[in-house]
2 protein chains.
Amino acid sequence: MISRIVARFPQGPEVLLGPGDDAAVLAHPDGRSVATMDLLVEGRHFRTDWSGAYDIGRKAAAQNLADVVAMGARPTALLIGVGLPGRLDVAWAEALGDGLRDECAVVGASIVGGDTVSAETITVAVTALGDLGGRAPLTRSGARPGDVVAVRGGLGRSAAGLRLLLAAPVGAGEAGAFEEWIGGLPERERALVAAHRRPAPPYTAGEEARTLGATALLDVSDGLVQDLGHICRASGVAIELAASALPAAGGVTAEDLLTGGEDHAFAGTFPAEAALPAEWRVVGRVTRGAGVTVDGNVPGRGGWDHFGV
Amino acid sequence: MISRIVARFPQGPEVLLGPGDDAAVLAHPDGRSVATMDLLVEGRHFRTDWSGAYDIGRKAAAQNLADVVAMGARPTALLIGVGLPGRLDVAWAEALGDGLRDECAVVGASIVGGDTVSAETITVAVTALGDLGGRAPLTRSGARPGDVVAVRGGLGRSAAGLRLLLAAPVGAGEAGAFEEWIGGLPERERALVAAHRRPAPPYTAGEEARTLGATALLDVSDGLVQDLGHICRASGVAIELAASALPAAGGVTAEDLLTGGEDHAFAGTFPAEAALPAEWRVVGRVTRGAGVTVDGNVPGRGGWDHFGV
């Protein structure tokens, strides 16, 4: 089964030695390697009645590739550890592999290794590697008072889609029934469910942010307020968000925008004089102090702390 | 909990950016990165009544570090994904982290990132990275007819220790009872159980093999015959093992030696004229053909295929 799936993974030019030896060898000509890992577990990070194997693969790859891009690096490779229960057939594993592969293809990364084991719960461990191309990494620690805060990509759409799935009048565990119910949704709601099942990070954001002079960058995986809090702590600054820059629309609430994760939008801080294009929506500014406020209020006390963030 | 554990991980000089950002950044001055991953699941790869968290950490790190060494590379970093059930306390997770950290210290690698999630089953995903220091990787594909096959490190000891644990007159799930029973074993058997619980790969083997002119190298994780079979396939050769070079001794049977994995000894092929020191035990030779034989017989038909290899 493993060799059948591995045969479906094309190997890019930076793969000097692909799957099949004790380890893979990658060309990282920069002389530095960027590395990140996520562990995803069925029932906690995905549900097989909500998402097919292909979409689970796309999402698992996307969230790790986005982390590499958020460092200002070019993703080169994934390693995948998969734990699979015996109840799943080979087609399920192949679809998972195809999803991982196709998301890698978006950024030109290769799947160079991994491990497959039997497990009671579906488990997907993803390590993503990248190359910095001679440039400094875009960390979370460079934000300075006076910078503007801008976001590239959708916010809150995955959270809104999750809310629809949670409220669906369909029994848990019925994969086909969910699919049928989703198919009958209005287009706007179907798009939100799709955003939850298969996020589409704007991977060009890393390169764009660098060109625009970003002082800090991250991908929004846990929610805008929470993730910007990481920049505040790492940079020793405060961030003031403007609610007017985050208007509820299209089934996405103000709470979704502030606390919804998993869209893997990119949030960065930029010098005030940076000429940001329209794709980079200015949502706030960096000031002296600590922590994130929205229109002067501390979030989490205003009603948007109940989505499990 | 995560920050408490991460604080226990020292960061080596090649860690340019450690845990806490979207990804870690490592110095790999060679311009190539070696990367490998294993996924370990409770009940399949370890049992908490047999092994404490510290030993599970040591073993999980060791098997991945050994893979990097088997490429002729210097391990630089691990990323660790951990899935933990709620029944475990913080002390358990800390001991796991300490075990991972201490095994890394043996080779000078750092733990630079990872992920912690709640899970029903204890799950440990380990990615190991390494630097080649300007040299060619030691793959499985360079063995040539006329080479000798040599092994560095213990064989079959982990399998013999596992057999003792499986036969222990102690109820499953009783951690303390196992510990007491093991403590009462004769020293020789205690050492075999220890070899199963905490393998000690001879990490200098990669550098030694390179100096000795190795044409292929791997670490023995699935058993000598099975792993040498990988060299046969990758190199397009046959390997003839001599049973006399693998004598049963000290509670380790001939079958253990040929099929026992998880000791993470290193097996390599070397030019016939190589002056191998005593630590590298010659166990056979490379010939034209395909597959591994022992004294002319194909293993797996002779009675040593029943250990789940």
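A Cβ is built for glycine as well, from the same backbone N, Cα and C atoms used for every other residue.
In the three-state DSSP scheme, A:Asp67 (Mg(2+) 4 binding site) is classed as helix. The Mg(2+) 4 binding site annotation in TrEMBL covers A:Asp22, A:Thr36, A:Asp67.
The feature Mg(2+) 3 binding site is assigned by TrEMBL to A:Asp22, A:Asp67, A:Asp219. In the three-state DSSP scheme, A:Asp22 (Mg(2+) 4 binding site) falls into the coil class. The Cβ neighbour count for A:Asp22 (Mg(2+) 4 binding site), using a 10 Å radius over every protein chain in view, is 29.
The Cβ neighbour count for A:Asp38 (Mg(2+) 2 binding site), using a 10 Å radius over every protein chain in view, is 23. Taken residue by residue with DSSP, A:Asp38 (Mg(2+) 2 binding site) is part of a strand. Residues or ranges marked as Mg(2+) 2 binding site in TrEMBL: A:Asp38, A:Asp67.
According to its DSSP assignment, A:Asp115 (Mg(2+) 1 binding site) is in a strand. A:Asp115 (Mg(2+) 1 binding site) is surrounded by 20 other CB atoms, counting those within 10 A of its CB over all protein chains shown. Summarising the annotation, TrEMBL assigns Mg(2+) 1 binding site to A:Asp38, A:Asp115.
When Cβ atoms from all protein chains are considered, those within 10 Å of A:His45 (substrate binding site) total 19, not counting its own. For the recorded site, A:His45 (substrate binding site), the DSSP three-state label reads coil. If you look up TrEMBL, you'll see A:His45, A:Glu262, A:Trp304 marked as substrate binding site.
Under the heading ATP binding site, TrEMBL lists A:Gly114, A:Asp115, A:Arg140, A:Ser221.
The Mg(2+) 5 binding site annotation in TrEMBL covers A:Asp222. Under the three-state DSSP scheme, A:Asp222 (Mg(2+) 5 binding site) falls in the coil class.
Annotated domain 'PurM-like N-terminal' per TrEMBL: A:20-130, in sequence order.
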Residues from the binding-site residues A:Asp67, A:Gly114, A:Asp222, A:Glu262 that lie close to chain B, Cβ under 8 Å, in sequence order: A:Asp67, A:Gly114
Nearest-integer angstrom distance between the alpha carbons (Cα) of A:Gly114 (ATP binding site) and A:Asp22 (Mg(2+) 4 binding site): 10
Residue among binding-site residues A:Asp22, A:His45, A:Asp115 with Cα closest to the Cα of A:Ser221 (ATP binding site): A:His45
Three-state secondary structure, which DSSP defines for A:Arg140 (ATP binding site): coil
Entry from the binding-site residues list A:Asp219, A:Glu262 having the most other CB atoms no farther than 10 A: A:Asp219
A:Asp222 (Mg(2+) 5 binding site) as reference: those binding-site residues from A:Asp38, A:Asp67, A:Arg140 with C-alpha within 10 Å of it: none
